[in-house]
Amino acid sequence: METVRAAEAELMARLPEGTLMQRAAAGLAATCARLLTGRRGRVYGSRVTVLAGSGDNGGDALYAGAALARRGARVTAVLLVPEKAHPGGLAALRAARGRVTVEQEVGLADFSRADLVLDGIVGIGGRGGLRPEAQPYARAARRGAVVAVDLPSGVDADTGEVPGVALRADVTVCFGTYKPGLLIDPGASYAGAVQLVGIGLEPPAAEVTALQHADVAALLPVPGAESDKYRRGVVGVAAGSATYPGAALLAVAGALHGGAGAVRYVGTAAEEVVRRFPEVLVTEGGPAGAGRVQAWVVGPGGGEGVRQALAEALASDVPVLVDADGLTELGRLGPDALAGRTAPTLLTPHTGEAARLLAGAGGGTPPAADDLAASRLATARRLAADYRATVLLKGSTTVVADPGGAVRVNPTGTSWLATAGSGDVLAGLAGSLLAAGLAPLDAASAAAYLHGLAGREAAGEPGAPTTALAVAGALPAVWRAVRTP
Ligand SMILES: NC(=O)C1=CN([C@@H]2O[C@H](COP(=O)(O)OP(=O)(O)OC[C@H]3O[C@@H](n4cnc5c(N)ncnc54)[C@H](O)[C@@H]3O)[C@@H](O)[C@H]2O)[C@@H](O)CC1
Ligand SMILES: [K+]
């Protein structure tokens, strides 16, 4: 958040004092008024509770509370740190005939009865989870909507980590820029619907970004008049085993929809692959003798042959995507296994595989997968640094980290994708984009984006269980949707 602060400071120096807070509070009050009108038909007479902490976040909430009080809402402000409440905001609320209390029992009762709660406990200045005086609100019953001011209190703005307790919101109104903590789980899961209010901030060059349709459309490979299948790229898939032939089919299905001109398969499931997908080239043996490809995908359903396939693929001079059993094997070998590579490597672990990779890098016992899920950004960054590879960390929020430090968070995820084999499709898809010439960060983030959309498409609206093959089948439709201006 240092960059946001710097941008704010620069802007504030040019504006009359308090301008940014006034803009923020006006946007916040407008959203609250819309919510109240939707729930109760009008703002007048509705009950609003403002939880005000000790910083400017509380100031925003108090000014917005004052605006709602002027429209006839019955507003009570609960001052969590009475001696440090924002003086201007408090004066505005009092002038608008808002009530103020410092009694926590009164505050809690009000919180539970309110039609709408404004969470202005703490914003980007917060450190650590909620402090003791605020914790009861996170546990208390509620009947109204909670609107988080800038960020749900207790969520780390930079990482999405929740060190302790945080207040769950139905809507978050954030100012100027999306904070990473609103995009990355577990923080993202506390934010509800996120709404951005412009306050005239120059957006700083963000370290953590999320792609949108137009960005992905610009990345996707489109064949030109000159293209033949080899120029469009051949992706090699070394996947599937006697135990898991299905993983080969799913990785190939993903690869066929990823933009490469052809898919070459090596492994024990060759017969099933050709029966299902006659357009796939199959070769006996491993990657080393398979002829020219522009990228390898190694590991889905890996089984017996994965060690050899991984060694052969890593010895090549083309990008390699390592997934599933390939990652378990790589965790055993540690980062040294990638040290001599001349082309990039893309790792696509879920948190369990990430734990094995980290253990391989540090030589210790694997960290708990749950702990890694709670610190996705840090985990992806650490893996990328340890292995000098691009890392796509799968899960409730998929995070892609480059060894150079760039991070992209995928905004299209859906929990319907938590279905067997969906990761195999993603691996094939990302490998295909690598073969088509995308840089690993672009290939991984575009693949995650398309895969998320395909999961939504396959699950339908309002959603039903779907299958990995249906997700692969939905990819052409989402390509078209993304490429439609
Ligand atoms: N700087 C600006 O120009 C603008 C800031 N705005 C608002 O100001 C916020 C940032 O304000 P501040 O820098 O004053 O910081 P905050 O209001 O986010 O929090 C800082 C205060 O909270 C206390 N605190 C820290 N961690 C805490 C915790 N875990 N539990 C409870 N209290 C804790 C600190 O002691 C300090 O008093 C933004 O999130 C946004 O809401 C907006 O008004 C827009 C303009
Ligand atoms: K807040």
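Even glycines carry a Cβ here, placed using N, Cα and C.
Annotation comment: TrEMBL describes 4-207 as domain 'YjeF N-terminal'.
DSSP classifies ILE124 ((6S)-NADPHX binding site) as coil under the three-state reduction. Of all Cβ atoms in the protein chains displayed, 23 besides its own lie within 10 Å of the Cβ of ILE124 ((6S)-NADPHX binding site). What TrEMBL records for 56-60, 123-129, ASP150, ALA247, GLY301, HIS350, ASP424 is (6S)-NADPHX binding site.
Within 10 Å of the Cβ of ASP119 (K(+) binding site) there are 32 other Cβ atoms, across all protein chains. Residues or ranges marked as K(+) binding site in TrEMBL: ASN57, ASP119, SER153.
Residues annotated as domain 'YjeF C-terminal' in TrEMBL: 212-482. Mean pLDDT for the domain 'YjeF C-terminal' (212-482) in this predicted model: 94.
Annotated AMP binding site per TrEMBL: LYS394, GLY395, SER396, THR397, THR398, GLY423, in sequence order. Of all the Cβ atoms in the protein chains shown, 26 others lie within 10 Å of the Cβ of GLY423 (AMP binding site). Annotation note: GLY423 (AMP binding site) sits in a helical segment as assigned by DSSP.
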Taking the Cα of ILE124 ((6S)-NADPHX binding site) as the centre, which of the binding-site residues listed as ASN57, SER153, GLY395, THR397 lie within 10 Å of it? ASN57, SER153
Residues sitting within 8 A of the centre of the LYS394, GLY395, SER396, THR397, THR398, GLY423 CB atoms (AMP site), not counting those, run HIS350, ARG376, LEU393, VAL399, ASN410, GLY413
Pop the Cα-Cα gap between ASP56 ((6S)-NADPHX binding site) and THR397 (AMP binding site) into the table, whole Å please. 29
Where SER396 (AMP binding site) and HIS350 ((6S)-NADPHX binding site) are concerned, what is their Cα separation in Å, rounded? 10
I'm trying to understand the geometry here, so how far is the Cα atom of ASP150 ((6S)-NADPHX binding site) from the Cα atom of THR398 (AMP binding site), in Å to the nearest whole number? 23
HIS350 ((6S)-NADPHX binding site) and ASP119 (K(+) binding site), Cα-Cα, nearest whole angstrom: 33
